[in-house]
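Right, one structure below, let's go through it.
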């Protein structure tokens, strides 16, 4: 994984901003003392940040090396990021937990890959949060997609169904591959292989390959469609070439790939035609500059949105 954010990030930030209460401080202190056997955390809170940061990095490297996992190419993170990385990655590889049975992974600006203990693989787009157990129970496998976009390749186990909770909908499978995308007004489940059941409230649909369930968060309706954008199943690992395509087709791919929404000033702008090649390694900034040059439109990033407008 390139970057992992642990659920204790919130407490760490509160501590560094001096607005943590006594109960929260005790919880954080107990966790870190357990993880670091007192020394590194004591150094950190007494001001020896650089020295303790190096110790923490050494522990991460040793943990990953002992488990024969390829070492990450580290850069100098801030002290907060180092702590978060250790809590998130090291605990995952050790397979132990101090407080909870579940972990939350939050991706940064890059696509991430998560391998679950049953052998299932999840590809996470940027700005995506997922909660999962360190070990699945005897009767079912269950995770929660909290936000964003993810492609699932589920290891088959006929005796233990795999369940994904996401906003209002529940997706249930035995062994298959599919994509779940949580958007502002809709939740979408798209099936690549196998059979998937999607349910919400009293509504229920079965999906087979190239079918999609769309749940409207506005009118609470669940509909089944035929998929026309097959990049839904390969946004995480393929190059794409668009020839004389509508701009909205290109931005639809980028929404899956980068976990960000495109908002058009005028609906007519969606029909702008363009030819463009998108390398799987391209970052969002590079692609927006490229689209700006080709279309002569203005693409401006605002938090988790890209506004598309004409130049005045």
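The count begins at 1 with the first shown residue.
Including glycine, each Cβ sits where the backbone N, Cα and C put it.
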Which stretch does TrEMBL mark as transmembrane segment, out of 14-33, 34-53, 54-73, 74-93?
74-93
DSSP-derived helix, strand and coil totals, residue by residue, for the domain 'FecR protein' (110-197):
0 helix, 52 strand, 36 coil
